[in-house]
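Q: Sharing a structure below in structure tokens format, with a few things to ask.
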Amino acid sequence: MAPRRRRGAGQDGSDDGRSDSDAPKNRPPNTAFRQQRMRAWQCVLTPKLIVTVFSILAAIYLGFGAWLTYLAHTVRDLKIDYTDCLTSAPKDDFETIPQNHITAHFSAKDSTFDPYKAQWKTTEREVQVANYTDNRQFCIVRFNIPEDLQPTISFFYYLENFYQNHRRYVNSFNAKQLLGDAVDGKTINDSTCDPITHDPKGTGKIVYPCGLVANSIFNDTFSSPLALAVRNSSDSSRPYNMTTKGIAWPGLKDLYGKTSYSLDQIVPPPNWERRYKYGYQENNPPPDLKTDELFQNWMMLAAAPNFYKLYQKNDTHPMLAGQYEIEIESNFDVTVYKGRKAFVITTLSTMGSRNIWPGIIFLIVGGICLVLDIYFILSFFIWRPRKLGDPSYLSWNQPSAPGGHSS
């Protein structure tokens, strides 16, 4: 007689009468990763490991901090604040600039070309702009370079207390308009360019480029430095030519294009009046933003209220020690927001212009790691050495514990 099969038993002897092929389809695969059987390692923080880690961190941070500090001190620079030039400097006669307006970092000292003995004066003359002349005020600054500066020589302008990171200011532009598209008036009016969207004179023309950022562009102009006297040379009145080409990041030009607007559709921003007194004309057309690197640098908004922006540079020729003169057309009013402005002539290191703070921060962190390292060495190996895993330190082995005993 054949054995009786249990009720509900399958052909494979399973209790539910189903084969492996009938298993639920949402069952995770039987792998170490999916079934959480991966091998694991847990770091045990032994005294030797802690001391080793802090020693390595201290060496890295102190070494890197010392290197950054050294690089910062190899940079040579001269910074002159010319905010008060038009109001304080005499007209047509040079006067010494107050020393608190000058900051210099040079390794050489030369009484003949002392960087803190800069001079300034103001002058006024007519300037030809397109098809008309305009009366402009200039600040002329004479400054000294006590040692030869090797290229690249960079010329920055510096603004203080100007908040480009304000929420409304940051968004005040139209990206499509900057790319060259002829964006219609309604779109501009509804965009974040408000309130700089249309001609304030009521003509209905579109402001190009619209927005607060473009309207507030830094519009002081600087000439290339003119060498008046060079050490060990009889040459005089020799220009040290600088260029505004190559001062912006290469990728920025992809964000801009030549405008598709016709001249009768657009007007310049209100603060551009000195450059476009009679608006955009055939002989004074709107700028080609794709090639205007000064504009591109200005549109790269600064995160802090005090910032530098590159204006011009010289990549090829050294700037010899001597006396130089620079002419500044001062148009950008910083007094309305209690700010300051200056220009900076500087060399560059591997890490860029002079900035001592990264090196200081690394040295501070490295110093903290070193102090902790010394503390752990003294604590674990000199003051109170103890054996790891000693059962006598367990709470129930302490004499004060109930039923405890000393081992």
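Even glycines carry a Cβ here, placed using N, Cα and C.
Worth saying up front: this structure is predicted, and the values here are computed from it rather than measured.
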Q: According to Swiss-Prot, Cys85 takes part in a disulfide bond; indicate which of Cys43, Cys139 is its partner.
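A: So the cysteine paired with Cys85 in Swiss-Prot is Cys139.
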Q: Could you tell me which of Cys193, Cys369 is bonded to Cys210 by a disulfide, according to Swiss-Prot?
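A: So the cysteine paired with Cys210 in Swiss-Prot is Cys193.
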Q: What residues in the same chain, six or more past the boundaries of the transmembrane segment (360-380), come closer than 8 Å to it by Cβ-Cβ distance?
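A: Apart from its flanks, the transmembrane segment (360-380) reaches 47, 50-51, 54-55, 57-66, 68-69.
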Q: Which three-state DSSP class does Cys139 (disulfide bond) fall into?
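A: The residue in question, Cys139 (disulfide bond), is strand (DSSP, three-state).
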Q: Looking at the recorded positions Cys85, Asn131, Cys193, Cys210, whose Cα is closest in space to that of Asn241 (N-linked glycosylation site)?
A: Cys85
Q: For a quick check of packing: other C-beta atoms within 10 Å of the C-beta of Asn131 (N-linked glycosylation site), how many?
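A: Its Cβ shell of radius 10 Å holds 10 other Cβ atoms.
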